[in-house]
């Protein structure tokens, strides 16, 4: 960064405030999870892995973890084709009522999550699928669908339409053009979107709170319920699992498409 | 058998192509876009139907003798919201919170985004991006839990105070704790929405301003900030609406002392079992959020949130 000393001090000073704010809870949780004591306190008493061990003994934790993976997998599997096709349609085709369609597809963002969650709880109750696990996955796909459409749209926008025309000129029929030219070109967006959908579903709490009960509770909801009663250090160990998964996601995102993808101006 | 020499993938693709031509003949081509959109329209439709139930619920009063909603349509629930001062208080607290969190988050996000865009070092940029994405991928509940440990009675801050021989303070379950937690939650959103707008500003612009003798503060005020306006609008709108409707942070870090509207909706449904009132509160929240966003868009334009279509 160019400029005077005062500018550098001002900018980097504020950046450090942000860095500490962003990272402090993560670092503290990691530290607290290795405590040997009975309660969460800082600095922790001694160092041990006992809470990780106790966590692994807990069947309710393992069951909730498995359910969370299941729900996130459904969410990702549904959103990949649905979001990709919708993004290609809205960017590539002339459609009537385009603005209305776009506003409609953004509804999951504009409707508050608490309202979406209770709305779907009521509807799922009416059609008698409330209490099953798969509708939770579908619901998480619905509320995050705009993320998927957004990340694929960015890739579709970046394709030169002449490439598709060239393929057709060389005699490729429509389906072949789609499968061998369009789809590979939008892959970075599809990968980013899929990764985002999985992570968001894995962390989603509020809508899941309304759609699950004690038999179908997912991990974020279980953490929330535990926070509200007694705060034991095993929660810190669960949180470290979340931090590890976020780290893997950041690494994958960087490797597959590069974090810089978010820096490009439209 | 001359075609046998073609690879199997070619013949497979030809078969698929023929099937597609039968299932979706050329004269249906005009409808292709709608066919591609159909699954997404259907999924969002599930949400819309649910919202329909909400609107319907909000128009029925709770019958206190049976604890079911009455058959007759009425606006009693909306009247109740207007009559009870507690809802005005919750609404005011939520709006103030949303304004504060938006102002603080955008003010902190701006230098961070600027540093990401302008730093000459690829290493520093990568570090800033990782520090940004890591919390972005960690859910609200886990992050709130981190703040519980930092701000708690035996937490980091109080241990530090005690270590310095100072009296400990109750930081948790206060309004500032909620605001602080929300700022931390919203910061990545604000930065991610600001970065593309700042990346669009050529550095030469700033150099030109400075070579003409402007100090960096003047350059920021008259060049960088006006040119980043679309990003500032986008970031503010997203942070504002997300804060306005947030549930977890006020609930966990406020501990019942600083409920936002979402908590009031939750309590209406699950604590006092009055779905009509909860649905009416939901409608108020949806309307309020939409009106504010529409107002900002009318006055300031849609910023980076505007949607682009095919030319």
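Each Cβ is built from the backbone N, Cα and C atoms, and glycine gets one as well.
From a predicted model like this one, the values you see are computed outputs, not experimental measurements.
Per TrEMBL, domain 'ABC transmembrane type-1' is recorded for B:91-298.
Look at TrEMBL and you will find B:33-55 (among others) tagged as transmembrane segment.
Look at TrEMBL and you will find B:95-115 (among others) tagged as transmembrane segment. Same-chain residues lying 6 or more positions outside the transmembrane segment (B:95-115) and placing a CB less than 8 Å from one of its CB atoms are 124, 128, 132, 175, 178-179, 182-183, 186-187, 189-191, 194-195, 198, 224, 228, 231-232, 235-236, 239-241, 243-244, 250, 258, 260.
Feature annotation from TrEMBL assigns transmembrane segment to B:127-152 (among others). Residues 112, 115-116, 119, 158, 171-172, 177, 180-181, 184-185, 187-189, 191-192, 248-249, 252-253 of the same chain, all 6+ positions outside the transmembrane segment (B:127-152), place their C-beta atoms under 8 angstroms from a C-beta of that stretch.
The feature transmembrane segment is assigned by TrEMBL to B:172-201 (among others). Only residues 6 or more beyond the boundaries of the transmembrane segment (B:172-201), in the same chain, are considered here, and those with a CB under 8 A from a CB of the stretch are 93, 97, 100-102, 104-106, 108-110, 112-114, 116-117, 132-133, 135-136, 140, 143-144, 147-148, 151-153, 155, 223-224, 227-232, 234-235, 238-239, 242-243, 246, 249-250, 252-258, 303-304.
The feature transmembrane segment is assigned by TrEMBL to B:222-244 (among others).
Here TrEMBL flags B:279-307 (among others) as transmembrane segment.
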